[in-house]
Ligand SMILES: [Ca+2]
Ligand SMILES: [Ca+2]
Ligand SMILES: [Mg+2]
Ligand SMILES: [Mg+2]
Ligand code: NI
């Protein structure tokens, strides 16, 4: 199949090809009200302006719902459900298509182009969803194994439950921020000498500030208290994916996390990319995840359905002296459990979901040394420094470091479905 | 000091004396729109109707903000801040007071009484706040010790971090429900024989369904990402307290919780009482909590301030055959950390708070056998059954059991500041 071509000039290397059509929230200097847009090449298509200019003239099903594009979050659009996401995305593709069916709507409508197309560099991006609850899973098998080896050795690396259920914990929705938000190094309680007795913590800036390369998945359909979502229905609840960096304070985590799990070591900040890539856009890249050699219980059995995505992921670190190094590359298929399995397990006891809830995949690491999704793994908890371009090295993050996650799928025909970037710069800890 | 007396007829045993003035959300058959009310004796005072009928005529400061009383949650009222809560509460007390300063406003205004006073039994109660994030702590020292003894023996009962920081975990905001909501027994993964190898879980209804007697505390002031709330300022952020039952599935918890903490074993349901008792109403009952024999770090040091409350708590169990037994009585002062300390610790790394966020205290148990706040402790994980009125006994909860939490402070003058009740009835697990 030849790639879809647009009458707009889109660089072939753009994450936002006509095969993508992600959704996000923009504002501009001229119009500071946050509103819905899609990204196409180097442009945002302002869907609020597009709707107001009758851009949806040839899609009657969306017309009673066009106010969703004037909202400051994607929640209302998401709540319309997957069939509506599909027709909206395909309609937007059709009006951007070279030799498309409706050239009068947009291609030949210069007034509407004028009002609705905005260079991406003029857009301020906002958090795409209002997040009710955020849950972070731990489905990256290689990551869980590598971290387990560090702390418990290879025999006991994985806990007995690990392959039977997607291990996860409730995260802090209020601390999820959009790409570009500065990340202040957290203060917290730390044991400077973990072997000394009695154990006496100090209050200190985190010395082991780390990243976690993850995918985030937004929910578009509510579920009721007491009513599990069956595995066969779970995909209907999934809106789309973003990149997610679960910044982690390893020294704070080590002291606080027994017995109830990570807490302030996580909830100081979690960064997501601004463009939600719809599940439909990812469907051509569906693949199997990692093979689970434990047989999962029937309620989690996907019956060999391809529920993972072949997304190429990368992590780069840019120092304060502006040298960038790619410190990790891997694929999103390195997960033991899929988002449908996570949702189904999460609801098995009756936990309800709201539109806008966020699931994190857990840190995604490949099997090889070049594909580790956090510094804890790469540096073996600080023992082996990572070498950077320009001669610096890192055990953990320094103030001024910028971390950038990217993710992209490359189709057989060369069409790219990408996520843009998910970045954050480390600012010094607050002096207390 | 003589107790305050109202011109309304209030039973002396009522939780809702004129010394209380809690805030909640009601609706009625006649007016199904949820709105703000206070409780006084056996009546609700509908503050939406009261404001519309010019009941706030003599409180000019609230007048620009009266729309807060027509909202379906208390968030907007809470966001007005503690000084405004104080004047509103005192004003409502003044208009209810025998020989009060403004008899024309209400006491002699039968039309307004007609429209604004509603028997509590005609009110449907709603969740009082829209909860952004919910965090559950573990500050009940005796509970943590007793549970630690069960699983690790007396030498290692408390983890090394326990006295240095308020241990807590992020909970699931979407699963917090108002008193009276049925509680469906969760299904989940359980190890029927924890000693068998290899460990093979089954999907099963929870066999060890338990309660946790806790207090909940609502936040009324936002804090910013990256900006900790100093211990001396933390009280300004606290709106009021409710009773909280953190229903817990012990068998599911045992299998899932390593290493990231409790998850589906908690997030199937958490019940809170509907009336938020303002911090000001509790101030006369301020007291010290449990002495911490570890010296806390300065950022948590309350400098001997009385930051706990002498609230008498009880748990009763009513069987399907309608026999009730009080299974626990204790005091809310059995906490090692206060809500200001929890908030300060929670924000030390920069975690932001929103109005409506909820903090749970952790299970509150007294030192004595009669004061244990959960069945896990009372029955030593099912080994010693609790004897009930009517001859039944319980290791854990059975279908049809109703659990009712109560909490009340009794002033020197006999005036009661109480919470009403926090109840839930166990429904059978869903057949999967
Ligand atoms: Ca993570
Ligand atoms: Ca609890
Ligand atoms: Mg939430
Ligand atoms: Mg939340
Ligand atoms: Ni009304």
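The backbone N, Cα and C atoms fix where each Cβ goes, and this holds for glycine too.
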Of B:104, B:236, B:246, residue recorded by TrEMBL at the Ca(2+) site of B:136, B:212, B:214: B:246
Recorded positions satisfying Cβ distance under 8 Å to any chain A Cβ, from B:138, B:143, B:152, B:363: B:138
Spatially closest candidate among B:152, B:253, B:257, the listed binding-site residues, to residue B:143 (active site, proton acceptor) (Cα to Cα): B:152
Cβ-based isolation winner (fewest other Cβ atoms within 10 Å) among the recorded positions B:143, B:152: B:152
Distant-in-sequence Cβ neighbours of residue B:363 (substrate binding site), under 8 Å, six or more positions away: B:138, B:140, B:143, B:212, B:213, B:214, B:246, B:373, B:374, B:377
Cα-Cα distance maximum in Å, computed over every pair in B:138, B:152, B:253, B:257, B:363 that the record assigns to substrate: 18
Under 8 Å by Cβ from residue B:257 (substrate binding site), counting only residues of that chain that are 6 or more apart: B:263, B:265
Least buried by Cβ count (within 10 Å) of the binding-site residues B:138, B:253: B:253
